[in-house]
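Everything on this sheet refers to the single structure shown next.
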Amino acid sequence: MKKEEPPTYVPPEEPIILPRAEHPISRRQIDENSLKVLYRLHRNGYKAYLVGGGVRDLLLGRQPKDFDVGTDATPGQVKKLFRNCFLVGRRFRLAHIRFAGGALVEVATFRREATPEDVPDDLASNPHYAENLFGTPRQDAFRRDFTINALFYDIADFSVIDHVGGLRDLREKRIRVIGDPLERFREDPVRMLRALEFAARLGFTLDPAAEEGIRARAALLAEASPARLREELMELFRQRVAAAVLPECERFGLLEYLIPGYRLTDGTRRLLAALDERPEEGTAVAEPQVLAALYHQRFFDSLGDGREMNLGEVIGRAGHLLRSHCQHFRIANGIRHQAAELLIGCYRLRQGVGRRGHQRFLRHPAFPQVLQFFELCCRAGLDDRELLQAWRTSTEASARTAGKRRRRPRRRPRRKPHHPAT
């Protein structure tokens, strides 16, 4: 039986415009500084739209992390309107408008795709010409990655504008690529990762054409820069979707290109889930913690049958295990060292309380982070909670003992003998 081809993406012929009465977005939900930028652009005769993920999140009833502005004003024209404006980016020119307290609003001019006529005679002197061809809002919408990220909110009449079918995909909880997925993933392979991330974050499903495109283009992920892939990997942990996305990467054949030579284990999946479900307080996840979570089970598997090893050998195993990952992603030695400390610390905690060097280990600067990571391992069911409690009790007892230690009295300086004047 012939396999059914995924349906071809067909955008609406005319934009769908929702008036204010037909959508839930209120100006009260929009950041005050972004509103100031939108209104000033509008009052000066320019189109001024809230664009991208901010519109998507507001329509879904979520609070956006940030608000981006799109306009037909060029970067130079934006700069003339705002004294607090700075132009950034040689490849993709943007306007950053800075406000008190470090707040920043990013303003992008609508772009369009390049045509053969746009190619400059001297291409070497302007290699990024295609990134700075200004266009209409509709042209700009079709340059974006997914339909749900190409919706606009018009400050002029408070309407929502959809050129690409994003409103329907929001209703149907679908991640759909704008255009041909094979071509769009070839242009930017990282879009495949982002498709899986958005599906996990929003609880959406991938469009069949996007799924086929990821399977066909998975190997292209190896062409993305390690620095960019490193940032995308960290973003999965910041967004608390690593436990959902990395198995999907494995299913679609992306994982071997995202982290060369890496395979997920059941224990790692459980540890990633525990990291994603970490308490809200202290939500920032550090890269050493991520590395330790990714390599925790492989580290303990490398130690063999559980026989006791000298600490020098354990330290060597941890360093060797992390080295190739850190070299590939150009991760600083300091971060690798901190990740190794977490793994080595877990090994020492497993040896139990009261061993040789126990008190010195409690005083080690990394001990609080090690104990926190060990608690994470316990939540994942990889370590013993009773052992965790024993170490906590020992830590508290050590702190009390340290508080009770009396300082030795200061020796009084010897008085110089007094010799009366003769």
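Glycine is no exception: its Cβ is also placed from the backbone N, Cα and C atoms.
Nobody curates TrEMBL annotations by hand; they come from automatic prediction.
Each residue in the domain 'Poly A polymerase head' (48-176) gets a DSSP state, and the totals come to 43 helix, 36 strand, 50 coil. TrEMBL lists 48-176 with the feature domain 'Poly A polymerase head'.
Taking all protein chains in view, 14 other C-beta atoms sit within 10 angstroms of the C-beta of ASP66 (active site). Annotated active site per TrEMBL: ASP66 (among others), in sequence order.
Residues or ranges marked as active site in TrEMBL: ASP68 (among others).
Sequence-distant contacts of ASP145 (active site), defined by Cβ-Cβ distance under 8 angstroms and a gap of at least six in the same chain, are VAL177, ILE178, ARG184, ASP188, ARG191, ARG194. According to TrEMBL, the feature active site maps to ASP145 (among others).
Look at TrEMBL and you will find 203-262 tagged as domain 'tRNA nucleotidyltransferase/poly(A) polymerase RNA and SrmB- binding'.
The annotation domain 'Polymerase A arginine-rich C-terminal' is assigned in TrEMBL to 320-414.
Residues or ranges marked as region 'Disordered' by TrEMBL: 394-422.
Taken from TrEMBL, the feature compositional bias 'Basic residues' applies to 402-422.
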Spatial neighbours, same chain, of ASP68 (active site) - Cβ under 8 Å, 6+ residues apart: LEU50, VAL51, GLY52, GLY53, GLY54, VAL105, GLU106, VAL107, ALA108
For the domain 'tRNA nucleotidyltransferase/poly(A) polymerase RNA and SrmB- binding' (203-262), the number of residues DSSP places in helix, strand and coil: 44 helix, 2 strand, 14 coil
